[in-house]
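Quick notes on the structure that follows.
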């Protein structure tokens, strides 16, 4: 965890929650991501990744998630940071 | 000292050829989706990348030692410009060509996220040209080109790559042979310009339609009018 992130948490602010995003038009079902992130992803019968939960990445799994994103042969996996949802909706 | 450079150049060339052979075989195996070579798929992927980078290191040693070798008498532009050398220009040029191709493959791989998967993959196919050219270069030039051990190494490397290509072409290669090929609805493809889809428009071929121009009277609006209106920016941003 970086220094900036620890200070931000130390001030009591909520860290931006990271979420995995699969670009399904690009995904080829090569299966590397499910191997590198078994805590978040599993494979369906055709080798495509399936989310175990809501794809939110806990901070402890962020390095593994980054590696899964980096190794995707189709560049179909991304790590996105969700902005807090507006209160009106 | 001058002999040391020559010996180092020969050795590093052979080592980088062996490494490149392993890289090509791993790259073909990684395409399978199966657990190739008894390794998990991510391990095949990482080994492919790391062996390739190690091959680049040995290849840099091969090239730099030959540049300073008084026997090879390479000029600087001989390192990138093929078939211009003084000594066995064809065989040496094959090595230069393979070096250029490998540089292109490695640099596009390192910039893969910026280039996109399609450009990266197209350039990566040059590996099927790069590896045989490098093999021929090793067989045709240098002072080891008639020795039994170099022919043995080259034959074993060829066998490995031919076996990998044969496995690649076999029906049992894919993990899901029955998986249907992906078809894209034509409506989702990038829309052609209205000048091409509307034969009745009076716009000239040389003048592209201006975005702000109102539609000409008498011509119906393009079929994909408003197709981009649904493209809203998402509620998330990508993490760099």
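Here, residue 1 is simply the first one shown, and the rest follow in order.
Backbone N, Cα and C define each Cβ position, glycine as well.
TrEMBL annotations: computationally assigned, not manually curated.
A quick note: this is a predicted structure, and the numbers were derived from the prediction, not measured.
As annotated by TrEMBL, transmembrane segment applies to B:6-30 (among others). Same-chain residues lying 6+ beyond the ends of the transmembrane segment (B:6-30) with a Cβ under 8 Å from its Cβ atoms: 36-37, 41, 44-45, 47-48, 51-52, 54-56, 58-59, 61-62, 65-66, 69, 71-72, 95, 102, 124, 127-128, 130-131, 134-135, 138, 142-144, 150, 153-154, 157, 160-161, 163-165, 167-168.
Per TrEMBL, domain 'Ferric oxidoreductase' is recorded for B:12-133.
As annotated by TrEMBL, transmembrane segment applies to B:51-71 (among others).
Sequence annotations record features per position, and here TrEMBL assigns transmembrane segment to B:91-111 (among others). Among residues of the same chain six or more beyond the transmembrane segment (B:91-111), those with a C-beta under 8 A of the stretch's C-beta atoms are 13, 20, 49, 52-53, 55-56, 59, 63, 78-85, 119-120, 123-124, 126-127, 129-131, 133-134, 136-138, 140-141.
Residues or ranges marked as transmembrane segment in TrEMBL: B:123-142 (among others).
For B:148-170 (among others), the entry in TrEMBL reads transmembrane segment.
Per TrEMBL, compositional bias 'Low complexity' is recorded for B:188-204.
Annotated region 'Disordered' per TrEMBL: B:188-240, in sequence order.
Residues or ranges marked as compositional bias 'Pro residues' by TrEMBL: B:205-223.
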Under an 8 Å Cβ to Cβ limit, what residues of the same chain, 6 or more beyond the ends of the transmembrane segment (B:51-71), are close to it?
2, 5-6, 8-9, 12-13, 15-16, 19-20, 22-23, 26, 79, 99, 102, 106, 109
Near the transmembrane segment (B:123-142), which residues from the same chain, at least 6 beyond its ends, have a CB less than 8 A from one of its CBs?
10, 13-14, 17, 20-21, 23-24, 27, 87-88, 90-92, 94-95, 97-98, 101-102, 104-105, 108-109, 150-151, 154, 157-158, 161
Per DSSP, how many helix, strand and coil residues does the domain 'Ferric oxidoreductase' (B:12-133) have?
95 helix, 0 strand, 27 coil
